[in-house]
Amino acid sequence: MGEKVVVLIGPTAVGKTKMSIQLAKRLNGEIINGDSMQVYKGLDIGTAKIRQEETEGIPHHLLDIKEPHESFSVAEFQTLARSLIKDITKRGKLPIIVGGTGLYIQSVIYDYQFSDAPSNDLYRQSLERCSPDELYEQLKQIDPLSAERIHPNNVRRVIRALEIYHCTGKTMTEWLKEQKRQLVYNVALIGLTMEREKLYARINQRVDQMIDQGLIEEVKRLYEQGLRDCQAIQAIGYKELYAYFDGMLTLKEAIEQLKQNSRRYAKRQFTWFRNQMPVQWFDMTDDTIFERRVNEILHYIEGKFHFQSNM
């Protein structure tokens with residue numbers, strides 16, 4: 001088994017950032033971002049990216065490494081995160097991956113080989129003659145989950161997903177799910193959960209806070225730069241307000257849609273994590289026992305790795 005790695009997962013707004021700082025302080029850890037949208041510069045408020053003053057001196061990696069117009073793939077994330085795990089471990093620190101993008105996190109800790117996906121040159125050439133819109137429409141029909149992750153203009157990735165379906169009869173989502181997977185690290189997989197009613201209330205409250213903190217102005221800056229056909233703008237919080245700036249929605253409708261999409265995303269995250277990985281769950285519904293939960297998680301990690309934290 002490889003290096004020791006803590007993975008902290010959970011749906012949006014469950015409290016991962018606050019918990020990750022406490023764990024990193026007591027475990028001599030460094031944090032690796034595991035959210036596919038926090039890699040983008042300028043997408044700060046809408047992605048709930050940690051602010052410098054909130055880090056409490058804990059090093060954070062894989063934040064702000066891409067311009068909004070650039071694409072970012074799960075294979076690229078895998079390479080960068082694994083390199084960081086090696087580097088952080090070599091310096092005597094503990095890598096802690098924190099985030100909500102399930103496939104990205106899975107790709108790092110399991111032995112995913114993206115190059116093993118089947119291919120068909122003739123079929124690919126026939127797809128390359130189609131327009132991006134035609135390709136994306138095909139993908140939406142056969143694999144809506146992949147269509148949510150892949151921007152319509154990321155033609156290479158859309159074609160890859162269609163190619164896998166053509167060769168195997170399985171969607172890329174199903175194909176990845178069925179790969180025989182082995183953990184490549186000694187992993188402590190921690191999940192934070194919360195009663196749905198409270199989580200949804202927190203999500204709604206967080207959206208209101210984002211608006212107060214300047215989300216509309218943040219999205220307007222991107223909109224005015226002409227950034228439109230790029231992966232970053234598909235993020236929840238950005239696509240809804242783009243519809244407002246395009247005159248398709250009123251501001252009230254855009255904000256309501258943002259809340260609804262965030263709640264749906266949280267539900268999908270829960271489903272993914274519960275079905276895909278052997279997670280040790282900790283319920284964060286009761287705010288008054290936060291410190292007790294920190295200690296319970298530390299105790300679990302100590303048992304898993306056989307070492308003592310700075311509790």
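Every residue gets a Cβ built from N, Cα and C, even glycine.
Between the stretches 35-38, 171-174, 211-214, 283-286, Swiss-Prot puts its region 'Interaction with substrate tRNA' entry on 35-38. Across the range of the region 'Interaction with substrate tRNA' (35-38), the DSSP-based residue counts are 0 helix, 0 strand, 4 coil. Recorded residues A13 (ATP binding site) and T101 (site 'Interaction with substrate tRNA') have their alpha carbons 13 Å apart, per Cα-Cα distance.
Those residues of the chain, other than G10, P11, T12, A13, V14, G15, K16, T17, with a C-beta within 8 angstroms of the mean position of the ATP site C-beta atoms are G100, L192. When the alpha carbons of K16 (ATP binding site) and T101 (site 'Interaction with substrate tRNA') are compared, the span between them is 13 angstrom. Secondary structure from DSSP puts T17 (ATP binding site) in a helix. Other residues of the same chain near the substrate site, with their Cβ within 8 Å of the Cβ centroid of T12, A13, V14, G15, K16, T17, are G10, P11, K18, A48, G100, L192. Within 10 Å (C-alpha to C-alpha) of T101 (site 'Interaction with substrate tRNA') lie the following binding-site residues from G10, P11, V14, G15: G10, P11.
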